[in-house]
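Engineer: I have a structure here, written as structure tokens, and I will follow up with some questions on it.
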Amino acid sequence: SKRGQVKGNALCLEGPHKSRSTNACVKSSEVYSLDDKMVFLSLPGAGGWSPSSSDRYQWLEVDLGERTQITAVATQGRYGSSDWLTAYLLMFSDTGHNWKQYRQEDSIGAFPGNSNADSVVQHKLQHTVIARYVRLIPLDWNPNGRIGLRLETYGCPYNSDVLSFDGRGSLLYWLSPRPRQMTRESISLKFKTLKNSGILLYTEGQSEHSLTLELKKGKLLLLLRQGRSSSPDSHHLVSLGSLLDDQHWHHIVFGSNKNFHGCLENLVYNGMNLVDLAKQKDQRGNVTFSCAEPVFVAMTFTSPQSYLWLRGVPELSSTVTSVGLQFQTWNRGGLLLTFVLPKQGGAVWLYLSKARLHLQIHKSGRSPLELSAGSALNDGQWHSVELISRRGHLTVAVDGDEGASSHASPSFLLTTGSQLFFGCPAEGNSQECMNPFKTFQGCMRLLTVDNQQVDLIMVQQRLMGNYSHLQIDMCGIIDRCSQSHCEHGGSCSQSWSTFHCNCSSTGYSGATCHSSIYEQSCEAYKHKGNTSGYYYIDVDGSGPIRPQLIYCNMTEDKTWIVIKHNNTELTRVRPLPGKNQHSAHFEYTSEEEQLAAIISQSEHCEQELTYHCRKSRLLNTPDGPPLSWWVGGPGVGQMQTYWGGAAPGSQQCVCGLQENCVDPKHHCNCDADRTEWANDSGLLTHKETLPVRSLVLGDVHRPGSESAFRVGHLRCHGDKNVWNAAFFDKETSYLHFPTFHGELSADISFLFKTTSSSGVFLENLGIKDFIRIELSSSTEVLFSFDVGNGPLEVHVKSGVPLDDNRWHRIRAERNVKEASLRLDELPAATQEAPADGHIHLQLNSQLFIGGTASRQKGFRGCIRSLQLNGVTLDLEERAKITPGVQPGCPGHCSSYGSLCQNQGRCVERPNSFSCDCSPSAYNGAFCDREVSASFKLGTSVSYTLKEPLSNKLNRSSSTLPSSIYSDMTLRAENVSLSFRTSQSPALLLYVDSYHREYLALLLNKHGKCSVVFDHLLDPELSRLATLGFTGCLSAVLFNSISPLKAALLHPGTSPVTVTGPLVQSICGSTSANPYAAETTHHLSVGTGQPLVNAIRSDSALIGGVIAVVIFVTVSASAIMARIFYRRKGTCQSQDVKTVKPEDSPELAFSGSQNGPSENQKEYFI
């Protein structure tokens, strides 16, 4: 190398200006051209530096002569040439060894260089560096030239006070108590060490509490111990950092008997320089006021192609062979060392597998020899390995005396032969090393062969051995889990090049455990087709609130979230002696944050509050102080002096509001103070005062006073987020919101429907960064963004058109590891983020929904339930004040109509939809709950159809409009029902008309079902009906009439007559006793012809009265469209056929002994 003076200006960004240095020097890896003025920028005739070989193993080093606070660097190409750098790395060091790579924000290491030989490109360092040596490593250069460079560094002088400890010394300070006006104490220092454990600082207060700052396995721990207890237990306050034993300075500010071994710098307590103070006092042990800099040259195996080749030691008469090294890695596997056995034939491999050290020796004609030692060796700490072979004895040891070892007794001496490989590519290389294992990625140092240390600086200078893809004189290990990107409690693990998040048992998914696997409300579960039950609800999606198990009541049209607490029973007040009041506190099953979020996002919440009293006043009068009150609302809640049904602050009960209290002088029934029992009850519906947290009753101690209270569960319905929608009727229309902040993690979900084949759903721009989701074609959705690494796109294609005006769901996520996009229930598409690239998404413009800032490629259609990082954007409110955008979006039945089951009809609503179950024999939110009843002997239900219009018009078909005639013409009768019975024969259903025609559904004594038509009423059929029947009937439907549903749910408004006891039950539900002896059946009968012949000349459509009579005798459990067999001989499905007498001898009530009459037909089902 050649030396030259560093001249030129040095800009000081903070502090005094740095003068030109006269004692700095420059050296480099190779020299092709080197000018004395090579470090000067923009000087006429300055040549610069260019190495003889243009590759990534070159470097240029500047010695600044003293430790300097470096603030910026600038580069220029070589003067008058085509030689310049386009990208480079910067390294810093205090000693000229143990280099540390400078990384910018997002851990980006590469600096962009020049585009020509003359212009100067300066980079101000995002965080200043204190170092004496600067090394620049070229990464890329002008492809039409060579590596060429002129370099300048900028900075300020740096002064410090340093202490050095050898592991046996310490400093002791007796400090005066702090002045009273001081409200805060601080200690700051810097340290550097090669030891991974030791106590940096111990301080004890007047209360005998102590604080300890300790380095343990490369991490800083701050421990608090209370009192002088001999117990080793300490309260762990905080843990910071990782891999801090790297012999680089680390700065600490904070408001085992193993002493620290290393250096401290600028030790300051409340502004007092303790190093200066120590120079005037005595010290304990070996403490010096300069920093000893031991030199350990490490090398980094950066890729699977990395290896180091050294010549072996020729076989001598020595009886001992040894190889040693220290390594540091995150990988569970990798080959550390391999060599070929000379003469004997075979090979030796020393490798990691499953984080254990393994030695494997293959020798010709012998079975393989294997040894293993150590565990968890992929923890990022330095571990020592030693392989020793003596005659008849072989040892492999890990971490010396503190670790483990393994032994064997081979009959041969292990010798290294002519060459050794540290690391080896799996596919081999020109040096012909063999690697049947994984490749090693990590750091190594202190390599020894037969107790002789390998000089890695000579290796770097190509004076010894050979290497590829190594970084020598530095360890580039990075702890990617130190500041974990795993969210929501996901555990972080890592390899050399990446990290992984284990999301098990967190309730979240994705590469960083960001997205919740649960829905945000009961409403969302309901519209996925779920029924009542307990569900995990994550109210803020990917936000910080944890999911919790909550009961969802979906039996009504409204979907209720039910949040329970510890006391919902009617509780009698039992006064305690010596206390004038009775208080009750309520603990809810949901956490506070979740409670507040549920109440906030619900349209309506309510909680029942009841007080039963006898000579126990409640609120007394509005003008006086309240005798009783309750506490409710967010947080700790506030005192409330009104009762259920009244207005907040009114100091009234609902009877006072309605002016119907038992005593008009008072506003609550209990305030009348009567000896008779009374009560005040009602619903609390003002969300800002919910939930009820405690109750205080003040008039419970008088003689004769008795009372009881009840506080119901908190119930909420209506998710304001699920149906929040906007309709964009023009491609130029859009909504805008504040900038989206999703720097490290961003998840976006929404539903859309459209008739357009393309359009932008969402866009947010930065100076260079952006994020966008769009419909790129009628079958494809595109998610694109740029965080500084160039645009990245994720596509999902659908097998069906997306412009079908039906709701489709999009879920997009971007994090530091990957981006994913999911459409409806299709598999998610993913794209990995670049390794060690930019990770922060930096946006600064408004967020556009339904369009772009350029008003091009806008979206036409509806967007609903738009959520960004779990927060719902209020599209409807913004749409109300935005031209071209309408709040809300109708047309839900096209997407959700299939949820209405069993002939239920979907009914549109402005927000949401509902199922009309009136044409169905079922009930419930989705017409999926069977209406069932148990019948006993003598129970029957009759439903009467009113006489049609034809009879009222003089029974003349000629007076009927043709449209009415066609509407009333029946082409077929359809009957369906479910039943369970243990009795046969039986009559299940009977229908007759005023034309004296009838239809009967029978169960014969063999358990077979049949249908009978006739014009004449069979006396035997009537006799069978009078026998009675015990059982259950469910989901009965005759054409569009559900007689059982009418009798049970609408008895007062339906033409129905009930004989005997009829009680609704769940006997028809599939959740009823599955082990019952009765058989569960579902019958669906279509006759294929009208019950009344509508084309008879004397018929006025369906004239007269039709009666449906149902006789049931068992407890039934049935499912539509299926028959469950629970015992042999139950109903069997058969083809419909005409019944002959010999086919059905058990039917004593058949219409004729000579076979079926002309008008009588019977079918088996």
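Placement of Cβ uses the backbone N, Cα and C atoms for every residue, glycine included.
So TrEMBL lists these for the protein:
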- Cys862-Cys889: disulfide bond (DISULFID)
- 1-156: domain 'F5/8 type C' (DOMAIN)
- 162-291: domain 'Laminin G' (DOMAIN)
- 297-475: domain 'Laminin G' (DOMAIN)
- 477-514: domain 'EGF-like' (DOMAIN)
- 513-565: domain 'Fibrinogen C-terminal' (DOMAIN)
- 724-889: domain 'Laminin G' (DOMAIN)
- 890-928: domain 'EGF-like' (DOMAIN)
- 1-21: region 'Disordered' (REGION)
- 1136-1165: region 'Disordered' (REGION)
- 1100-1125: transmembrane segment (TRANSMEM)
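Can you walk me through where each of these features ends up in the structure?
Structural biologist: Averaged across the domain 'Laminin G' (162-291), pLDDT for the predicted model comes to 74.
Residues 526-527, 529, 531, 554-557, 559, 722-723, 725, 753, 805-807, 862, 976-977, 1035-1037, 1040, 1042, 1044-1045, 1049, 1120 of the same chain lie 6 or more positions beyond the ends of the domain 'EGF-like' (890-928) yet place their CB under 8 Å from a CB of it.
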Engineer: According to DSSP, how is the domain 'EGF-like' (890-928) divided among helix, strand and coil residues?
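Structural biologist: Helix, strand and coil residues of the domain 'EGF-like' (890-928) number 7 helix, 10 strand, 22 coil.
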Engineer: Including all protein chains shown, what's the count of other C-beta atoms within 10 A of the C-beta of Cys862 (disulfide bond)?
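Structural biologist: There are 24 such Cβ atoms around Cys862 (disulfide bond).
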Engineer: When you measure from the Cβ of Cys889 (disulfide bond), how many other Cβ atoms are you left with inside 10 Å?
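Structural biologist: 25, counting other Cβ atoms within 10 Å of Cys889 (disulfide bond).
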